[in-house]
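A short worksheet on the structure shown next.
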Amino acid sequence: MESNQLLQIAQEFGSPVYVYDAEKIAHQYQRLTNAFAKVERLRINYAVKALSNVSILKLFKEMGSGLDTVSIQEVLLGLHAGFAPENIIYTPNGVSLDEIEEVAALGVQVNIDNLSILEQFGAKHPQTPVCIRINPHVMAGGNSNISVGHIDSKFGISIHQLPHILRIVENTGMHINGIHMHTGSDILDIEVFLYAAEILFDTAKHFKELDFIDFGSGFKVPYKKGDIETDVEELGKKLTKRFLAFEKEYGRELTLAFEPGKFLVSEAGYFLAKVNVVKQTTSTVFAGIDTGFNHLIRPMFYGSEHYIENISHPKGKERFYSVVGYICETDTFATNRRITEIKEGDILCFRNAGAYCFSMSSNYNSRYKPAEVLWKDGKAHLIRKRETFEDLLHNQIEIGS
Ligand SMILES: *Cc1c(COP(=O)(O)O)cnc(C)c1O
């Protein structure tokens with residue numbers, strides 16, 4: 001999006017505000033589907049937790065996407081947005097059997113990631129098709145080493161426990177219709193991902209009635225120029241070849257599924273905040289903005305470095321700033337970052353603000369959550385109002401005098 005369009009949105013809807021570019025989301029979706037165009041049955045299930053506004057979910061529905069959910073509440077949001085239950089997969093971790101049963105009763109595909117629940121669910125509902133989340137113990141590190149780490153990860157059923165899985169399936173007579181992996185780490189190296197895929201293929205051979213193999217996500221997106229990003233086109237080429245060969249060997253048509261969040265929405269998001277104060281200390285110039293980690297926690301929580309641009313004065317002379325929030329705790333977005341000269345009242349724009357930004361926001365310091373705007377067909381659509389004082393009191397029960 002252009003800076004002047006973003007500035008106009010900040011003027012019209014106030015700050016701070018999240019803005020999402022529908023065209024960029026569609027572009028990313030297309031990129032992924034094009035990369036796997038040779039796979040007849042491809043399923044992209046958008047990971048709702050990245051950005052769960054219902055209008056965003058509806059965009060994905062229009063494009064033909066399914067959903068990946070991790071809570072029954074995300075499932076309900078998806079159904080509310082108009083998704084058919086069979087186009088939703090539910091991949092929770094550490095939730096109760098009750099919730100899993102409730103979701104399965106809605107007709108949603110359940111994905112189970114521990115032996116205890118697998119056995120209990122299988123015994124009670126042998127007819128309900130279940131997907132199994134495997135932990136292949138492969139992680140994509142900063143280099144091309146394949147580390148068999150995460151042996152103690154809480155996610156998935158260890159590949160080493162395959163004999164236990166098979167015993168449970170046999171004893172309960174349950175129907176396994178999919179297998180799944182999601183290592184969670186950024187895919188820097190396609191070869192590592194393909195190596196994990198081989199483990200999944202080997203596992204798949206033990207199940208005779210699979211409908212799909214789900215390769216999860218972990219696609220890395222660039223945060224700034226020169227950053228490494230997952231080469232989805234290359235991955236598409238190599239994995240398609242292997243998948244089609246495996247399908248033949250398996251002797252049954254299979255769906256290839258992915259469930260990206262970040263890849264689809266990260267770069268489509270912009271977070272706009274106003275500079276309240278420029279404060280010069282002995283060694284640093286702080287730009288204090290009208291937001292904090294209550295609205296954008298990633299820099300504090302994960303150390304993510306969002307590119308920041310002064311869209312009010314994009315052509316000024318560059319200076320070094322530490323951009324900080326208004327929360328009464330250390331609340332740093334950027335340290336000694338080169339930004340064009342900032343004046344109080346300027347609007348700063350954070351990039352890569354689509355994934356895990358609004359969805360992780362809170363009311364800490366009793367601040368209102370920001371508004372969300374969807375830029376679609378050349379128009380700004382408000383898709384969430386800024387909160388008000390009533391929202392802060394909503395659900396509170398006042399006792400005493
Ligand atoms: C969070 C999550 C995803 C999405 O991961 P991204 O890195 O945002 O693409 C996919 N699958 C599962 C099971 C997840 O928990």
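Any Cβ shown, glycine's included, is placed from N, Cα and C.
TrEMBL entries are annotated by machine, without manual review.
Summarising the annotation, TrEMBL assigns domain 'Orn/DAP/Arg decarboxylase 2 C-terminal' to 18-354. Annotation comment: TrEMBL describes 24-266 as domain 'Orn/DAP/Arg decarboxylase 2 N-terminal'. Residues or ranges marked as N6-(pyridoxal phosphate)lysine by TrEMBL: Lys49. Per TrEMBL, pyridoxal 5'-phosphate binding site is recorded for Gly218, Tyr356. Taken from TrEMBL, the feature substrate binding site applies to Arg298, Tyr302, Glu329, Tyr356.
Positions of the features from TrEMBL, shown on the structure.
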{"residue": "Lys49", "record": "N6-(pyridoxal phosphate)lysine", "DSSP (3 states)": "helix"}
{"residue": "Gly218", "record": "pyridoxal 5'-phosphate binding site", "DSSP (3 states)": "coil"}
{"residue": "Arg298", "record": "substrate binding site", "DSSP (3 states)": "helix"}
{"residue": "Glu329", "record": "substrate binding site", "DSSP (3 states)": "coil"}
{"residue": "Tyr356", "record": "pyridoxal 5'-phosphate binding site", "DSSP (3 states)": "coil"}
Protein Cβ atoms within 10 Å of Lys49 (N6-(pyridoxal phosphate)lysine), excluding its own: 16
Neighbourhood of Arg298 (substrate binding site) by C-beta distance under 8 A, where only residues 6 or more apart in the same chain count: Ser304, His306, Tyr356, Cys357, Met360
Among Arg298, Tyr302, Glu329, Tyr356, the record's substrate binders - longest CA distance, Å: 21
Per-residue pLDDT averaged over the domain 'Orn/DAP/Arg decarboxylase 2 C-terminal' (18-354), given as an integer: 94
Spatial separation of Lys49 (N6-(pyridoxal phosphate)lysine) from Glu329 (substrate binding site) - C-alpha basis, Å: 26
Integer Å distance between the CA atoms belonging to Lys49 (N6-(pyridoxal phosphate)lysine) and Gly218 (pyridoxal 5'-phosphate binding site): 14
Tyr302 (substrate binding site) and Lys49 (N6-(pyridoxal phosphate)lysine), distance between Cα atoms, whole Å: 16
